[in-house]
Amino acid sequence: MLTIKNWQLLSDNDKRRCLSRPRDNSAIKENVLEIINQVQLSGDKALYDLTKRFDRVNLQYLQISQEKIRQASIPQNALIAIKQAIETISSYHQFLLPENTEISTASGITIRNVYRPIQKVGLYVPGGNKTPLVSSLLMQAIPAKVAGCPIKVLCTPPDAEGEINEHILVAARLCGIDTIYAIGGAQAIAAMAYGTESVIKVDKIFGPGNSYVTQAKTLVAIDADGAAIDMPAGPSEVMILADTEANPEFIAADLLAQAEHGPDSQVILICDECELANQVNQQLEIQMSYLSRIEFIKQSLTNSRIIICSNQSEQLDIINSYAPEHLIINRKNPEPWVEKIVAAGTVFLGSWAAETMGDYVTGSNHVLPTSGFARNHSGLSTLDFMTRFTVQAINQEAIRNLGPAAMTLAELEGLDAHANAVQIRLNTLGD
């Protein structure tokens, strides 16, 4: 079960270790670079070869036909659930859609903010046939659709027969995606970043993945010929702040829900007293007995812990220092805490706010910054699928009134051609 640490008894070094995250020490950068180079050099052939090597699949084709997308069908209960999720996710991301605005900063000057959809976006959904991560697709495809991105490309790993799970195909169809490739891993990221004979080169790549996918996204993002990415990615995590009135059964369930993501996931509980910590550990043992992903959970819990800390100021310091992907405030009166949180991917308030709901159906996006990146990154939103540029209108009055200031600043920086561009206009205006 989870190790229990008393915060007040820890040294500063022990406190840092207590909040440290599991690290992937595998040296994969060179392997990923090799994959990227192979895709750049050999295009489609590399994709077929790499899929055979990593997925053990002899693909007959890379792109899923329009007929297969149209004919895909799933059980009615799954279809209803997907449509319900689409409705809430669409509502929230429509709410985030920005409006073009205009301001006059001085007499004769107006500046407009103009938003445009990114023209070509690449969506990556990991998992393959056994675990169709429909929610991951919805969280990317819906804001892309709301933003108005005209070209949306989906890459996801094939099953043993080289096909895509029909739940993914149906969800993609409902979200208006008709360009789907049966490609996974780092090779999928490389294909979308650089393009091949079959795969469209995109402007920005979205979506989670394993360490190879994450490394590939990082590498293509720093290449001027590659593609931008949504955000740095890492293992899933949750931090729960609970008081003595919190239900230990609920707490344990939320911890396990995050732990089952993978062996490198991390869960941390902050609570006031040791009694609740022990009750949660008991519940973890009970609930683990009937869950299916037990090996992932066991490994994840070795990276995780319970922190006993009753000082509210210190509790806030822990939260803001850790900057969790998911924060659950399971306290009697959670709302006042929100004003003091400065770093979190998303915050759930109260006993009934199961993190699972946010993963699927509240409408908020579940693609969130991990590994402490919530200090300087936000969760995925409609804005991530858009660009903004300014439109500046400047008339004669503005040149006359502010031109001399612009010239002075240009000359201060030794840029006489800058100053000249204004002086010529002032000369034309005369006195």
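Backbone N, Cα and C define each Cβ position, glycine as well.
Going through D178, D203, D359 against Swiss-Prot, the one listed in the substrate site together with S236, Q258, H261, H326, E413, H418 turns out to be D359. On its own chain, S236 (substrate binding site) has Q258, H261, G262, S265, Q266, E325, H326, T370 as residues at least 6 apart in sequence with a Cβ closer than 8 Å to its own Cβ. Candidates Y124, Q187, N210 (binding-site residues) were compared with E413 (substrate binding site); none lies inside 10 Å Cα-Cα. Ranked by how many other Cβ atoms sit within 10 Å of their Cβ, the recorded positions E325, D359, E413 place E413 at the bottom. Non-local neighbourhood of Q187 (NAD(+) binding site): I35, Q38, V39, A46, L47, L50, T51, F54, each in the same chain, at least six residues away, with C-beta under 8 Å from its C-beta.
Across the fold, the C-alpha of Y124 (NAD(+) binding site) and the C-alpha of D359 (substrate binding site) stand 17 Å from each other. Within 10 Å of the C-beta of H418 (substrate binding site) there are 15 other C-beta atoms, taking all protein chains into account. Counting in whole angstrom, H418 (substrate binding site) lies 49 from N210 (NAD(+) binding site) by their C-alpha atoms.
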